[in-house]
Amino acid sequence: MTKPIVFSGAQPSGELTIGNYMGALRQWVNMQDDYHCIYCIVDQHAITVRQDAQQLRKATLDTLALYLACGIDPEKSTIFVQSHVPEHAQLGWALNCYTYFGELSRMTQFKDKSARYAENINAGLFDYPVLMAADILLYQTNLVPVGEDQKQHLELSRDIAQRFNGLYGDIFKVPEPFIPKSGARVMSLLEPTKKMSKSDDNRNNVIGLLEDPKSVVKKIKRAVTDSDEPPVVRYDVKEKAGVSNLLDILSAVTGQSIPELEKQFEGKMYGHLKGEVAEAVSGMLSELQERYHRFRNDEAFLQKVMKDGAEKASARAAETLKAVYEAIGFVAKP
């Protein structure tokens, strides 16, 4: 029986965080045995905001090494860089012609990013969801792991696929969202009602996977809790968002359940909780960073992973693009 195809990706434009790891990358790793996983470093999406060329190249290799350090295995999964497979951009252009201006105008992420990057509201930023649809549909993807911030984009991908299929027959699989049962939603350290984001301007809100352990300890000790007197370590996202976030992080790292942790910290101060979280996170990151540096220093291996991954991805992508071009009436290349 053929395994269902899973597609996901991350931009190389910012350092990945513990939120990316606990909420997504760890799930990607766990899916490798049961699914045919295709994981992409989406460098073409990254240039919708201005990038320094040298930094983008470095960040792409850094991200690849982090994928590997987190446990994504090139023997089990297809790992590649988006710009190495030209079919992404080719299908993206074709799908532009089956996507309505009004649909893109309603995308909340475009509104957010255009407010943030007001000096560079480019067509690529507006068109980003169509390239994302191409990324997904190119591989006849069955399942897409999505967070809250990408649900709207996946809905658009489904709409485009159904519209195209309605015109030309069953060219595309219509992808379904995959929402893992487990996976911590890690929030900002100082603003625990919003999700931790690698693009946050306030770096005290964020813990990067490559961050120095001393810096990690400092940030966690400064994390927002609350002013309850006496302090109560209790899981209550609405009333105690900061404490709940720290409990979520500790649970994700140690595997202990929230009720177990509540019992462990009964009658203790918030400082005790922060100390345990800091120790657990810095320990986890030390091990991950050791693996990261081993991969990052082996450039020949990284080049091989990229080359092999692009070849595997291209073979599958070419089949889909051929079917699309034939359906819309392009003359086949002699």
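Heads up, the Cβ atoms here are built off N, Cα and C, so glycines get one too.
Remember, it's a predicted structure, so these values are computed and weren't measured experimentally.
Taken from Swiss-Prot, the feature ATP binding site covers Gln11, Pro12, Ser13, Gly19, Asn20, Gly147, Glu148, Asp149, Val186, Lys195, Met196, Ser197, Lys198, Ser199, and the record attributes it to sequence analysis. For Asp135, the entry in Swiss-Prot reads L-tryptophan binding site. Taken from Swiss-Prot, the feature motif ''HIGH' region' covers 12-20. Per Swiss-Prot, motif ''KMSKS' region' is recorded for 195-199, and the stated evidence type is sequence analysis.
Features recorded in Swiss-Prot, as mapped to the structure shown.
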| residue | record | Cβ contacts under 8 Å, 6 or more apart |
| --- | --- | --- |
| Gln11 | ATP binding site | Ile41, Val42, Asp43, His45, Ala46 |
| Ser13 | ATP binding site | Ala46, Val49, Gln51, Leu56, Ala59, Ser199 |
| Asn20 | ATP binding site | Ala10, Lys198, Leu209 |
| Asp135 | L-tryptophan binding site | Phe7, Gly9, Cys40, Val42, Gln82, His88 |
| Val186 | ATP binding site | Thr17, Ile18, Gly19, Met22, Gly23, Lys195, Met196, Asn245, Asp248, Ile249, Ala252 |
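Taking each Cβ in turn and tallying the other Cβ atoms within 10 Å, the top scorer among the binding-site residues Met196, Lys198 is Met196. For the motif ''KMSKS' region' (195-199), the DSSP-based tally of helix, strand and coil residues reads 0 helix, 1 strand, 4 coil. Secondary structure from DSSP puts Asn20 (ATP binding site) in a helix. Per-residue pLDDT, averaged over the motif ''HIGH' region' (12-20), rounds to 85.
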